């Protein structure tokens with residue numbers, strides 16, 4: 001059994017079926033535990049592959065039509081009280097494996113960062129666009145979202161020939177596009193963009209936490225948590241806080257509505 005364990009460490013999951021075949025009739029508890037571990041791993045890998053197969057349906061259809069540089073686009077940061085709207089655009093080279101991508105918005109910070117590095121490693125191109133609070137205040141969060149997405153597309157070092165966008169139709173772009181409602185669960189390209197946008201925005205808010213430490217931005221990333229609302233009541237808004245649609249500073253509105 002030690003020899004098999006050494007082979008597993010050396011060759012990885014590809015040898016798991018051989019391990020299962022060699023040990024399935026071995027009555028020792030250690031052998032059966034190893035069999036169960038291999039079976040569990042292989043079952044989960046097959047599940048992830050099936051999910052990936054489904055999540056490449058949009059891309060696969062477009063590749064078959066001759067499109068090569070398909071950009072998935074998503075954004076994060078529409079709902080916070082502070083910080084920018086961030087959008088990302090990602091062009092993948094084909095049906096690359098991105099373990100955990102189907103849970104892009106529910107991953108732990110550590111797993112999301114691992115996936116982010118993997119996306120950066122394999123992507124044909126990655127673009128990012130930010131619209132700061134003053135840009136949101138001047139128009140609306142919807143317009144800011146469009147602007148961030150268009151910036152992300154413009155930031156791509158490779159020009160996309162088709163856009164897959166999470167839930168919206170992007171105005172004033174030359175490429176053909178399709179809005180995909182719930183896109184981060186239906187398209188790997190969109191899900192990859194969601195991961196990139198989330199990591200970029202979170203890192204930005206950690207930087208802002210160092211600049212404005214009273215608000216706890218590193219913890220809540222600008223969202224309206226009790227901690228954040230309490231800090232707003234105590235200190236008022238800082239330069240990266242957004243204004244409500246009537247132009248009143250965020251802190252003043254909170255003091256009035258929660259007073």
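Cβ atoms here come from the backbone N, Cα and C positions, even for glycine.
The annotation divalent metal cation binding site is assigned in Swiss-Prot to 74, 75, 166. Residue 74 (divalent metal cation binding site) falls within a strand segment according to DSSP. Around the Cβ of residue 74 (divalent metal cation binding site), 32 further Cβ atoms fall within 10 Å across all displayed protein chains.
Residues annotated as domain 'RNase H type-2' in Swiss-Prot, with sequence analysis given as evidence: 68-257. Averaged across the domain 'RNase H type-2' (68-257), the predicted model reaches a pLDDT of 92.
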Under 8 Å by Cβ from residue 75 (divalent metal cation binding site), same chain, sequence gap 6 or more: 85, 86, 87, 88, 145, 148, 149, 166, 197
